[in-house]
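Per TrEMBL, these features apply:
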COMPBIAS  67-81  compositional bias 'Basic and acidic residues'
COMPBIAS  82-95  compositional bias 'Low complexity'
COMPBIAS  96-105  compositional bias 'Basic and acidic residues'
COMPBIAS  118-141  compositional bias 'Low complexity'
COMPBIAS  348-358  compositional bias 'Basic and acidic residues'
COMPBIAS  359-373  compositional bias 'Low complexity'
BINDING   Y430, K439, Y440, E498, D524, M525  S-adenosyl-L-methionine binding site
ACT_SITE  E540  active site, proton donor/acceptor
ACT_SITE  E549  active site, proton donor/acceptor
DOMAIN    572-738  domain 'PRMT5 oligomerisation'
Amino acid sequence: MSCFYGLEPIKITDLFSEISELLEKQGFDFLLVPLEIEGPLSQNNTHLKAREWTNLVSGKVTEIFADDSKENSKENSKENSNENSNENSNENSNENSKENSKENSNENQNENLKENQNENQNQNQNQNQNQNQNQNQNQNQKSIGNQNQMLEIQDQFIDIENKFYTEIHWAKYLGITSIFIPKPYFKSDENQRIMNANYSKMINHAINDFTGEIAIHIPITSMKETEISEYREYQAWNQIRQLCGYPTKLVIALELTHTKVPQNLIQKFMFEPVKYLILPTSIFAKNSDEEISLPLRTQGIIQQFMRKKSTMIIRENGETILENLENLAKANLEKLNLDENENSNENSNEKNKNENSNEKNQNQNQNQNQKQKPLPDPPSYFDNSYLTFLRTLYSCLPPLSEVEKMEESFQDNVQLPLQPLMENLDNQTYSLFEDDETKYLQYEEAVYEALKFLKSKNEDNPREFVIMVVGAGRGPLVQASLRASFRAACKAKLYAIEKNPQAVITLKKRNWEQNSKVTIVETDMRFWNAPEKADILVSELLGSFGDNELSPECLDGAQRFLREDGISIPSEYTSYIAPCTAVNFFGELKSYDKDSSFETQYIVKTSRFNQVADLQPCFKFTHPLPPEKIQKNNSHNWRNIVIQYQFLESEIIHGFCGYFDAKLFGDIYISTNPDSRTPGLFSWFPIFFPIKTPVFVDQNNPLVLNIWRTSRQSHVWYEWAVISPSQTQIHNPNGKFSWFGM
């Protein structure tokens, strides 16, 4: 779990080593420090110090706010910086002059000391600037810049736009990899769309010019449950991402401003790109044991975002933290004064050592007395009780199951569907499939029940049963069938048919159980002439959508060597499809900038799919088919269906997610359908059918999908289109962009 500590704007910059030590001691991963006088808008040279914040925490990723003026103009920013620098320099020079005048009676000596001190200060400033420039060359660390809060989108758009671009260019110059943008216009009035359109125009400029990540600050202020389209937070975000064209680098910094956040709004944001979750300390309270705590419901929300790998930001409110930082700055400045006095006195002594040896001794004694002066103990600048609470909350997350651990490595990885008939699978793919113990246990149970059925059916004439495993791969289905025959106490003869010559090598080297009969055949099942008929035909040819890896076409060719009363495992399978929102994935497809991006199906295990309507059955296939139904042109496997969906609230549809279930034998199933998913099954991830233009729907207007499965010669493909409430084009016409080769 990553955790930032955010502060209110401060005017102090000489805190580097102390804050670094505090962070390391208290366990924070990152620090967000908004600097009120730093950045190019201050129109002075102090912005060079902002570079030092990029390397504030040695060896750790550092998050900074490069500039965070609160609606201050350039003049105010400049005046504040000049006043602070003048005050500090005046205080230091006055204190030094007073101490020197008290302990030294020679006015000429005081003047020399001041001159030497000023010269050394100038040298130190030059050294600091050179050091800062060298630090800026290190671009390996990540940093966050916070756009100036005064850049709210108001009437003076041109002036604000220029300031915004200045900030973006400054962040780019500093090598900052992420920036925070102030919240958009939230008022529900006629100006909202205009203001947010201007806002989006500026963000588009940043997207095109800034290579890093852009986080939009979205504070949740709504407290009452209502229809999702009524929430101004979601309205603004939805409008901005559409105007910007769904860029992948645009993320959300979501802030929980209170603990009564509407549940349906939170659920909506769960499927949005929430990279940061901001937790102001004002939402925390103390329990009966005087410990920091949150309501259970809020704890659950935070844990959900932790599971989504959102970064937590603790934002401190109030004046206490600022007062502590000022104390720290004073202690730091006092250290600097001691060092400066030491340097100035040493230079003065060298200059006057031939003139007055007594004065030299007095100055050395003075330096020793100053060194012995104790510094104040630093107070507790950062309250790490919030961090401790969050780390405890994170440790209480339920552990991931073995399936979840496996799936986590594939999270949000986009893949094209396999082409097992055209391409031979590699060893790694076979290994991944074979790790799915649940699948093979279900297959074993299905073969076992099928053998029991055949055994009872042939009690009067016991015989050896023939089992053919088509598409045997490296042999896990063969092994499962052997175990089933031992359990059923049946004599069985097995054939393992596989076209991949590399997998056949593995099959031949396997040590099958003693007394088992396994015949390995290297050929394509569709063209094999079997020496005998099979009682049971076992296959593992299903894809993420059931039929998308051409199981129907393969089994049509293989059923030639199945007895008339033979059993096919699986015996039938059905695909299911539902509309979903998929902001991240839609943006990723747009970034490909190819015509084929939205004309192809994808296999993806994603946490960002939000299914927004009930799954509906799509295509169904059964095996074996009566021989008279099988057509040479494969038209018996063509499908077309029109599906209608109803919605409980307004949604924006980016595509359709697909699943399947398969009846192996009797009441034994495997299913990826979320409504009936087989526990522990992970061999198949959902399939996604994108649409080029997102479709807006509401509860009063159903969405109608038309989807086809068709073929020609050696190709099979899908086509799909939304025909209501608005109409899209037909995607992938005639299999122009994506198809499956037979």
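Backbone N, Cα and C define each Cβ position, glycine as well.
Keep in mind that TrEMBL annotations are predicted by a computer and have not been checked by a curator.
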Other CB atoms, at most 10 A from the CB of E498 (S-adenosyl-L-methionine binding site): 25
Inter-residue C-alpha distance, D524 (S-adenosyl-L-methionine binding site) and E540 (active site, proton donor/acceptor) (nearest angstrom): 14
Distance, Y430 (S-adenosyl-L-methionine binding site) to E540 (active site, proton donor/acceptor) (CA atoms, angstrom): 12
Extent of the S-adenosyl-L-methionine binding site in Å [max Cα distance among Y430, K439, Y440, E498, D524, M525]: 24
Distance from E549 (active site, proton donor/acceptor) back to M525 (S-adenosyl-L-methionine binding site), taken between C-alpha atoms, in Å: 15
Residue pair Y430 (S-adenosyl-L-methionine binding site), E549 (active site, proton donor/acceptor) - Cα distance, angstrom, rounded: 15
Cα-to-Cα gap, E498 (S-adenosyl-L-methionine binding site) vs E549 (active site, proton donor/acceptor), nearest whole Å: 16
Alpha-carbon distance [E549 (active site, proton donor/acceptor); K439 (S-adenosyl-L-methionine binding site)] in Å: 17
E549 (active site, proton donor/acceptor) to Y440 (S-adenosyl-L-methionine binding site) - Cα separation in whole Å: 19
